[in-house]
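The domain 'Histidine kinase' annotation in TrEMBL covers 355-560. The transmembrane segment annotation in TrEMBL covers 7-25, 45-69, 76-102, 108-127, 139-160, 172-193.
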Amino acid sequence: MFSAIKDILLQISAACSFLFLIQWWVDRGLVARKKGGFPDNQTFLVLACTLSLILCSLLSTTLFGIAYLNLGMIPAYIGILYGTVRSGILLSIFLLVCNIFIAEPSGISNMILNSGILLYPLLFGLAKPFKKGTVVEKIGMLWMVLCPNMLFIALVPIIGGENIYEAHSGESFLITLYLFFTIALGGIFVYFVEMVWSSWRAKVHMESISDNFQWESEKLQQITNVVPLSIMSLDDHGVVTDLNDCMLGMTRVHYPNLRREDIIGKPVREFFNGSADADAYMRVRDNIQHKRRSHERMIHGSRIYQIYSAPLMQKNSGLTSGVVLIAQDITDEVKLRSELDHVERLSLVGQMAAGITHEIRNPMAVVRGFLQLMREKSSDDLDSYYQIVLEELDRANSIINDFLSLAQSRISDKEKVLLHRIIEEVSPLLWADANLRGQSVELKLNASIHELELNVREIKQLILNLGRNGMEAMGPKGVLTLETHSTQDKVELIVRDSGIGMSESQREKLFSPFFTTKRDGTGLGLSLCLSIVERHNGKINVESVEGEGTVFTISIPLVKEEYSGATLTD
């Protein structure tokens with residue numbers, strides 16, 4: 001009796017082996033499948049069932065020399081029902097071979113009845129609906145095959161002339177229990193396989209969700225890196241949790257050696273505390289702390305930023321879970337807007353100049369003519385008064401001419417000319433003026449320079465205006481320096497004086513029409529200079545230090561066909 005129980009337990013252990021293999025496959029095999037070279041679920045199930053079939057056949061025997069003890073048909077049937085038609089045929093043939101050559105006892109009747117070969121048509125007929133059924137339906141279909149199989153096993157000893165119920169009552173009970181337990185065990189195995197499959201599908205689904213989430217996160221990071229805006233996310237305590245490449249680059253403008261790892265996990269105040277605009281920084285910090293949607297303009301060093309902040313909301317609960325900061329460098333935009341304002345002012349001056357030309361200039365010519373006639377008929381005592389009036393009329397006419405120059409929208413009569421030639425033509429006028437003031441003029445002209453397409457008259461006016469402005473800003477013994485430099489794509493004219501310099505507020509208004517620091521100035525000279533430079537598609541830059549002097553740098557681009565041309569020697 002003890003030996004029979006041991007044999008039954010060995011058969012159960014061997015039959016269960018495929019379940020352990022399937023569980024291992026779910027726990028470990030999914031990673032191997034991703035790397036390639038690992039079988040799919042159906043193939044692995046059939047292989048595991050085949051291994052269990054071999055173990056059960058090797059351990060097969062008879063209970064008390066009466067009933068056939070081999071649970072290998074359970075994993076074999078499960079493999080046939082779950083597998084493909086091809087794998088099912090191979091497994092059924094293998095089951096038949098095991099019953100013939102490995103299992104005990106042997107014989108034709110044992111082979112036919114114990115192997116269940118008579119049930120193969122039913123087994124293959126149930127395979128297709130089995131795969132589509134529920135767990136209960138699958139257990140029922142397996143029982144439709146196992147019950148007749150157990151009946152065949154019970155008939156084998158009867159055909160051999162023995163009756164299991166004539167045996168000892170304990171033996172009969174154990175044999176009967178074995179037959180019914182085998183049927184129940186088949187249902188348990190199907191239920192376990194379904195649970196493993198369900199766990200596997202859930203695991204695949206979760207890993208798919210995880211992969212999709214990771215991909216979406218990477219995609220969002222790539223999108224934020226492409227967006228030309230500096231983006232940074234903060235937690236509830238104002239600590240940096242993430243930032244894009246643009247924000248990293250913006251931060252490195254002020255902290256060159258900073259890495260992404262140095263920023264993440266640090267309070268955001270460490271990176272904005274150096275702001276020159278303390279009030280704006282305090283407002284931004286207050287908005288972050290109270291998680292308000294806001295936008296502020298803030299100056300940090302020499303750059304101007306527009307800072308947007310908005311709370312991050314959890315969709316379901318509506319609770320805030322941090323803040324997102326978006327910073328945009330608007331330094332160039334502010335500069336461009338200032339230049340556009342200047343263009344608008346020049347346009348207004350141009351419109352005024354057109355009106356002045358037609359409405360004032362002609363009457364002034366008439367007034368001047370009659371004054372000269374009156375001067376001829378008046379006594380010599382009044383000559384000084386007439387002279388003053390005529391000089392003031394000439395001064396007014398000069399202002400009108402400046403207005404007309406500002407009003408011009410394009411250049412006519414351009415010609416290819418060396419800038420040095422123009423400088424040499426106007427330098428005697430500058431030297432004469434400097435001598436009267438006790439000053440000196442130095443020329444530092446580059447030996448090699450490109451030709452430019454210039455309006456000679458206007459460039460002369462530009463040099464004279466800048467030179468005389470510099471001399472008026474200097475005292476005796478002051479030095480006015482004119483330099484030229486040539487690069488591959490432009491020529492630079494530098495006018496430097498050693499005068500009193502200018503403050504930052506004066507530099508900001510320097511090219512505004514009617515702005516002047518001289519007592520008798522009109523405020524149109526530098527506006528006219530800027531207009532001339534812009535009509536030559538050039539740029540003018542001013543550097544000034546109070547008490548040290550001012551430097552005007554005029555850059556005029558070469559025409560495109562001259563970029564690769566040879567330089568000309570003065």
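Please read every residue number as a count from 1 along the shown chain.
Keep in mind that glycine also has a Cβ here, set from the backbone N, Cα and C atoms.
Given the structure is predicted, the values throughout are model-derived calculations rather than measurements.
Per-residue pLDDT, averaged along the domain 'Histidine kinase' (355-560), amounts to 83 for this model. Counted as Cβ pairs under 8 Å, contacts with the transmembrane segment (172-193) are highest for 7-25 among 7-25, 76-102, 108-127. Through the fold, the transmembrane segment (108-127) approaches residues 68, 70, 73, 77, 80-81, 85, 88, 92, 95-96, 99-100, 141, 144-145, 148-149, 152-153, 155-156, 159-160 of its own chain, all at least 6 residues removed from its boundaries and within a Cβ separation under 8 Å.
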